[in-house]
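Worksheet for the structure shown next.
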Amino acid sequence: MSLGYAEKLSYIEDVGNVGMAEFFDPPALFLDKIDRLAAMIQKSKHLVVFTGAGISTSCGIPDFRGPKGIWTLQREGKPLPEASLPFHRALPSVTHMALVELEKAGIVKFIISQNIDGLHLRSGIPREKLAELHGNSFMEICPSCGTEYLRDFEIETIGLKKTSRHCSKPDCGAKLRDTVLDWQDALPPKEMNPAEKNCRMADVVLCLGTSLQITPACNLPLKSLSGGGKIVIVNLQKTPKDKKASLVIHGLVDKVIAGVIELLNLRIPPFVRVDFIQISITQALSADKRFINWLLRVTSVHGSKAPLPFIKSVEVSFQDGQSQGYKEAILQRHPFKLKRRTAQRKVFDLVLKLNFSDGCGCPSAQIKVPFGYKVPSSTDDPTSTKDIKLELLKGCAIQEATCGQSAVIGRKAVLTQNTEVTTHAIVTNVVGHLKSSPEANSAYDGDLLQKIKLGVMGNHLCWKRKCSRKRKRSRAAS
């Protein structure tokens, strides 16, 4: 969780059990349980996943109740852990991306999250298949029309308070609110109702990385039991709901889910983070009509006053034989602005080097902006075209296994102000998952890992190999 979030929460003396001991199943038992879990998932008709802080610890986000959790250290009077990277630059884990693959395959029907880190949405889970019970640190909502705004910066408040921004809908304009709950706030029906509905429909509720202590959220998985559903818990600590579960796995969530993905013959997709900026150029003739006075702005797509946290500085240079002699500039402070005067009828390229902040996968990206006096008419791309451009951009980044690529996804003119605004998409992180089995970074015995890949576990054949043989017999009979 964000350390800022923990500090913003109202004080409460009793936060439940903290500092609980962690347990690891013996290697052979661990792999056997992965085998059983994969079989349950394969047979399920309505799989619901219930996630907690434990799925984000490998992203560099500390949990609350673990041996080094935020509340554990607070109770012990120790300093809070230092985040390994800025909260807004946290990237989805192996588990997050595996859930994306399971959702796309039609296996996971719904995800219920207690986390406020926004990583499920960032990873690619559709909003309509996700309930964020405790809110999202990067989401604002309009209390009037219900429009949600997903930001690339952490919202400054919690507790459903008003923020400094307004709804951008032309017929609304209401003041926005944050979506993260404080202790006294009730779970919003918008999130709770679909969560309850899907838990009642579930034949399997898979609980990942949660201590199942915070009510009423922790009781949601139990709603599956009345309809004959089963509960599976994957967590390092014991939970109050373990006795209700059909299967309890003590191990790292990433390794468990990676093993399941391997057995289901699926592949964990790479994650590509794309961030957005707006570049605007406003032009005006000088009084003697010999020069053009222009103003360059590099701003957030969320508004000219919104933070642009992934850019540290902007270096501006000029690319053209006629433009030699124009001074280069380094813009160090947000908002990034540059005022210049150039001779009329000069045409050249502005070259912007965007220097990225910590947490980005490469140090910088370069964008060329053509400069001329005539402002073109609006050519803003329709949503479908933008989506295609974004997919092509991501595909290029995956193929090249690097970041820094960019594309123009929108262009419009404000003729009354003689301003052209372009929206740019920039790849700032690419994370691949070449291995999806428990072998990746595993300390378990290599022979046992080989057995799980072969489909053999002890003296019995696992479901994967059994199913393969049944298919072969079926084809032979036909």
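In case you wondered, yes, glycine gets a Cβ from its N, Cα and C as well.
The C-beta environment of H134 (active site, proton acceptor), restricted to residues of the same chain at least 6 apart in sequence and closer than 8 Å, consists of Q114, N115, I116, V180, L181, L187, A217. Annotation comment: TrEMBL describes H134 as active site, proton acceptor.
Under the heading Zn(2+) binding site, TrEMBL lists C142, C145, C167, C172. Neighbour density for C145 (Zn(2+) binding site): within 10 A of its CB lie 12 other CB atoms from the protein chains shown.
Per TrEMBL, domain 'Deacetylase sirtuin-type' is recorded for 27-267.
Sorted by the number of other CB atoms within 10 A, the binding-site residues C142, C167, C172 start with C172, the lowest.
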